[in-house]
Structure formats: structure tokens, C-alpha cells
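What follows is a set of notes on a single structure, which appears directly below.
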Amino acid sequence: MLLLMFALLQDGELRKAEILSIRQRKDGPSFYVHYVDFNKRLDEWIDASRLDLSHEVEWPQPEKPEKKKTGVGNKAPSKNAQKRARADSRDVSATPDLLTGKNVNVGKAQRPSKAGGKENRDGTPLSMPIVTAEAISTDGTPKAESDDVEMVDVSFTDGKSIKEEERALGLMSREEEIERLRTSGSMTQNPTEIHRVRNLNRLQMGKYDIEPWYFSPYPASFSDADIIYIDEFCLSYFDDKRAFERHRTKCTLVHPPGNEIYRDDYISFFEVDGRRQRTWCRNLCLLSKLFLDHKTLYYDVDPFLFYCMCTRDETGCHLVGYFSKEKDSAEGYNLACILTLPQYQRRGFGRLLISFSYELSKREGKLGSPEKPLSDLGLLGYRQYWRETLVEILMEPGRETVSENELALLTSMTEKDVHETLVVLNMLRYYKGNWVIVLTDYVVEQHKKRLEKEKLKGARKIDPARLQWKPPVFTASSRTWNW
């Protein structure tokens, strides 16, 4: 347990905070604090004036000495127990298709391949009618407490419930843990993970000054610099302004070092191979680690493709965001990591990135899903995209009957993502012995409001006709780790 005391947020609110680190500077000591029940992106260095000593301070409790293990519990398992364990392991390792009773490759028509792993579960009938909320009675069907879809950041939920969930994680399997994280928006798989102190104070990238959110393994000497200069084209980093300006006079790169595969009047997409452009991709991963707490890969970039979205002007193509994708994903993921840079957030770029990843899946003829766990902001972005995409299809005139499988084929989403989105929106109901998709009044109203808003502001969408891209084919050596 760390030292707990009350500190003032930047808006003046008093919150309980953990002191993670202390450093001594010329102007006095400063404290690196994590605000309890808040996301780690709000961690910051504060001076002593923002600490409130009028409240009781919670001191760390001394660790209890470990009990010595006796020899009683170290007996070898009996032969019968070993036989039972072997039998259980044989049962578990059986072929999944045989366990579920599915008949594989027997007279099936060709269709886009699905994502692997747990992304495809058969949970609903093949075809379901679409009806309005007034057409059926909801007796016997559990209602949501509110028609609104609550997207709750896990960091703002009750602290007690979080601790109970964390204790329960110890009893979960890895697959169950991943499942919990992808639906909760947690930033890390390990709840006991030690906080990494944010090592950079401020970035200058192009015309923007940016405050980092998390730790990133830049050189240790950078932690003492007041500002870090990052070239917005080649992503090289400097802690000295003179060195940065000298670099800018020599650097000739004006766009990501890859093939431009999409261009419209607003944005461009570049495909960058991590094996061919290792330095640039590593610099990109270092930069994104400042804003993605769950990101662990920043050195071995060979097995990944990076799809970078840029805006254009007379000086060049300015990086807005990107997503990475494994060259050969065993689980069938169509996206490994996604980021919109903070200076471009809340402008609709995240939706364009997600939409573009599904356009690539459609071109490949596959069903895709993002890699788990999703960050809190990533989960919100995907849920919004899934909701809007499915409602658009269901609202098409003349569409009276549709199945989850058909929705997946139309959108390149996995059936699991389709099913979960319908459940979150409270659109699945059991009616007269069948499951039906219900377009609730709230969903229809929100869809109309979004269309009106798009007419006023103008919605930007990916135009599939402008995508000049074929699914790349890689050799075994080019899609493996560079070990």
C-alpha cells in the first residue's frame, strides 16, 4: 500500500491520491500522485502547496511476514489423482468443432472467413425479423433501466467493486480475463501492475504543445528536459531545441514512408511495413505509448503493418492517427492498436480509422475484430461505430428479416461483436418462441438526430472506390518476430 492523502486536482476539486514518487528540485520537492478511482492519464507531478494536510494521512501498512511452509502439504499426488488429471486434459484438448457438434466443411457455400478464437459463438437463430418496439409486448423480457446506453469508464466506478473484481481475477483463466477486459475498457490485464511514473513533461510536435498521459521508454536523460521536440514527419525526438532545428533543415521526409493507398479531399492513408521501416515504426510506437497505457510493443515491429492517416497542406502530410495490424493474425484480428493523437481527438478521426480497418477486411473477404483488451476510449469508439453501423443497415427500407450472420457479412464485423452490440442496445427480444431484433423508439430517435447533425456539420466517410489496395502476401520470414 502506498501513502494516501488528499490533493487538489487542476480544477480545484479535492481528491484522495496515492503518492507514487518524490523528487527534489531547485524550487522544492514535488510529488507524483495517482488520484484514486481516476484513470492513470490524470497522474501528475504536483508541488507541496496542492497537498491538503488537514485530512488524515493513511500510512503504508507493514508487510506481514510469510509463513513457513511445512512438509505436510508437499506430498506427491497419488496415482489415481494423476490418472484423473490426464483424463481431464485429454477431454479438454478435444477438437472444439467435435465438442460443439458442428460438421466441418460438409457442403458449405463459400463465404468470408471468420475471426478465430472466441469471436464466433453460435448464440442466436439464423434469421430474425426486425420489428418496432410497439409491435410486441415486453412482458417477460427484462428491460434496461434506461434507454440510454451507458458507457462507463472503468476508472470512475466504485473503488470497492473494482477491488472485488481484481481479487476475482486471480481465479479466472486467461481467456475469461481477456473477456472481462474487452467489455469493461480496462487499461491493463494485471490489476497489481506497478504504476510507471510519467517520464516526459511536455512535447512539441509541429505547431502543437502536448502533455503526455503515460510513461514511454524514451532515453532516461529526457526525463530532466522541460520539453521534448518531435519531428512530425520522421518522428525523430530531441531534448535540445538547437539540435531539433538543425535536424529540420536536413530532413526531407514530408509524409509517412510507405505507399499511399487512399486519398480523398480531406485525408490520406499510408501503408507502412514495420520490417522495411523499422526506425520510423519504432518511433511511432514510442510516441503512441505516451497515450496508450496498455501498449507493450515498441521495438519488434516486423510482424506488423501500420496504416497512418494524414491531413495534407502545402508543407506535407501531417500524422493524425494510425492503427496497426498483424500481417498474419492467428486470432483473425483486423486491428492490433489504434490511436488518434490528442491534438486531433473529438473531430471524428477515430471513426474514420475504425471504418477504414473494416474496409480492409471487406477487401480481404474476412470478418474482423479489434485485438483485446481495448482501452477505455477505444471501447467507447468501437461501441459507437458498431451501434451506428448496425442501425443504419436495420433502418434500410425493405429490410424486414435479417440474421446476425447476415449483419456480420454486410459489415465485416464478427458475429460476436454484432450480438454484443444488439444486447447492449437492448434490441434482442424473445417473442412467440423466436428471437427478434427490436428497433426501440430511443434507437430510432438517436439515429434521426445523428443524421440531422451530419447534415449540418457534414459527415466524412471512407469512400471504398478510392481505396487502391490489394491484400498483401508475405513470406514466412517477413511476418515473424525479428529474434
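Using the three backbone atoms N, Cα and C, a Cβ is placed for every residue, glycine included.
Here is what Swiss-Prot says about this protein:
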type	residues	note
DOMAIN	195-471	domain 'MYST-type HAT'
MOD_RES	Lys295	N6-acetyllysine
REGION	57-127	region 'Disordered'
SITE	Cys337	site 'Important for catalytic activity'
ZN_FING	228-253	zinc finger
Task = Count the other Cβ atoms sitting within 10 Å of the Cβ of the residue listed as 'N6-acetyllysine', across every protein chain shown.
result = 20
Task = Count the Cβ atoms, other than its own, that fall within 10 Å of the Cβ of Cys337 (site 'Important for catalytic activity'), considering every protein chain shown.
result = 23
Ask   = Could you give the number of helix, strand and coil residues in the zinc finger (228-253) as assigned by DSSP?
value = 10 helix, 5 strand, 11 coil
Message = Measuring Cα to Cα, how many Å separate Lys295 (N6-acetyllysine) from Cys337 (site 'Important for catalytic activity')?
response = 8
